[in-house]
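Colleague: Structure provided below as structure tokens; questions to follow.
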Amino acid sequence: MQEATIAAIATAPGAGGIAVVRLSGAESYQVAARVFHPANPAKKVEEAKGYTALFGHFVDREEAFDEGVALFFRAPHSYTGEDVVELSCHGGSAVARRLVEACLAAGAQPAAPGEYTRRAFLNGKLGLTQAEAVMDLISADGRQGAALANAALGGALAKKINAQKAQLTALQAHLAAWVDFPEEDVPELDPSHLRTVLGAVQQELDGLIRSYDAGAVLREGVDCAIVGRPNAGKSTLLNLLAGFDRAIVTPVAGTTRDVVEQAVQLGDIRLNLFDTAGLRETEDAIEAEGIRRSWKKLEEAGLILAVFDGSEPPSREDLALAQRCAGRPAIALVNKEDKPTQFDAELIAPYFAMVLPVCCREEGSRKVIAAAVARLLGTGSIDPHAASLSGQRQLSAALRARDAVAGALDAAAGGFGLDAVSVCVDDALDALCDLTGENASEAVIEQVFERFCVGK
């Protein structure tokens, strides 16, 4: 059954230099001809070749309402694999909406969220991991996160997975022949070769699984709790990282009583900062609630920046905070290094990944903190052009494949027979096919594309 021709605004909403309305489907050229009249009357929309453009006017019921450019793509050489026409009008909600309405009146149907990329997947223009990379690229805040998504869009992950599938498929062919046709003169698989192949595949899958956490930080950001005693400099740190006065800073202890939130871009990492109430004993009910929320944020955070007043000796509250940070992704910032130091950092060092002297009023400390955060979260060493996993769906499939390969190695080492090894290799191949989308059910495909907005 032929898909309907669809139309939607492909650019972000709001005012801008241009807006793009995208048509895709067998009737794209016919719909475009009804809403776009070339400035040169000798040019015919229906005859336009792929990868060409025409200047002209957009019309609605033969009334011209804007001028712009139509860009043509002939199937299968387009994003979706169908005939595609991209209509570039002047930016602004009213013009773009009217152009979409004119396309619908001319016979197009409204595009569903993610329908263009879904058609690209169904028409074999993109694999499922590449389709997911489109959304990651659209959502990327930092340069490295965008580079990771672009690598996946270029097929880096699919190529890596297909290489492991090829290894396992060749192995499985030999195993199946030996197990299923014992009467044939099929040589038994060399145990050493079996272990070598399975071990190499397991190593590659382990590397991909390790890439997930650092990649997720670059793609999605991380929740970061700023904690410490009153007047240690937490709100000053928030303002330093934000680049403007987001939080009120006064000499009065306990100024911050509730959690103050701010998203910032720190190098290539997006931090969702939570400036919390100062940690101390209090009988003030409102302040006590703020402190309870501070401890809660500390427990939930993917990164902790614990701020200590370097101009004073460590207090009981400081030591209690340090102990709560033990085993967590936490950095101790000994603030006020511009003043004489009274703080013995060795008392808290065992509880933190790093202890840094800083001055939360100086820009230089921002760079020091950014480098430390990248080092702690492992993003500084990640290759943005290498294959990496994105999203729980991919991670779950990779874990299942890795565990199945480990099971095959255990079966071989335990003398359970090659038929047991074969079952595990089959499971690994199924998991890898799930990852690439070859075995994806309709429900899985729906889950992937429900993240998209209209026009993508």
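Glycine residues also receive a Cβ, built from the backbone N, Cα and C atoms like all the rest.
In TrEMBL, annotation is done automatically, which means it is predicted and not curated.
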Colleague: Looking at TrEMBL, which one out of Arg22, Arg393, Arg400, Arg402 binds (6S)-5-formyl-5,6,7,8-tetrahydrofolate in the same site as Glu86, Lys125, Lys456?
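Modeller: Of the residues offered, the record points to Arg22.
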Colleague: How many neighbouring Cβ atoms, not counting its own, are there within 10 Å of the Cβ of Glu86 ((6S)-5-formyl-5,6,7,8-tetrahydrofolate binding site)?
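Modeller: Counting Cβ neighbours of Glu86 ((6S)-5-formyl-5,6,7,8-tetrahydrofolate binding site) within 10 Å gives 20.
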Colleague: Averaged across the domain 'TrmE-type G' (221-377), what pLDDT does the model get? Just tell me the whole number, please.
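Modeller: Summing pLDDT over the domain 'TrmE-type G' (221-377) and dividing by its length gives 80.
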Colleague: Compute the mean position of the Cβ atoms of Arg22, Glu86, Lys125, Lys456, which form the recorded (6S)-5-formyl-5,6,7,8-tetrahydrofolate site, and then list in sequence order the other residues of that chain whose Cβ is within 8 Å of it.
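Modeller: After dropping the recorded site residues, what remains is Ala10, Ser24, Ser78, Tyr79, Thr80, Val84, Tyr116, Thr117, Ala120, Gly455.
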Colleague: May I ask which of the binding-site residues Arg22, Glu86, Lys456 is closest to Ser235 (Mg(2+) binding site) if we compare their C-alpha atoms?
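Modeller: Nearest in space to Ser235 (Mg(2+) binding site), counting only the binding-site residues, is Lys456.
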Colleague: Quick one: among the binding-site residues Asn231, Ser235, which has the most Cβ atoms sitting within 10 Å of its own Cβ?
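Modeller: Sorting the candidates by Cβ neighbours within 10 Å, the top entry is Ser235.
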Colleague: Please work out which residue of Arg22, Lys125, Lys456 has the most C-beta neighbours within 10 angstroms of its C-beta, and give that one of the binding-site residues.
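Modeller: Answer returned by the neighbour count: Arg22.
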Colleague: Cα-Cα separation of Lys234 (GTP binding site) and Glu86 ((6S)-5-formyl-5,6,7,8-tetrahydrofolate binding site), in Å?
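Modeller: One finds 50 Å between the Cα atoms of these residues.
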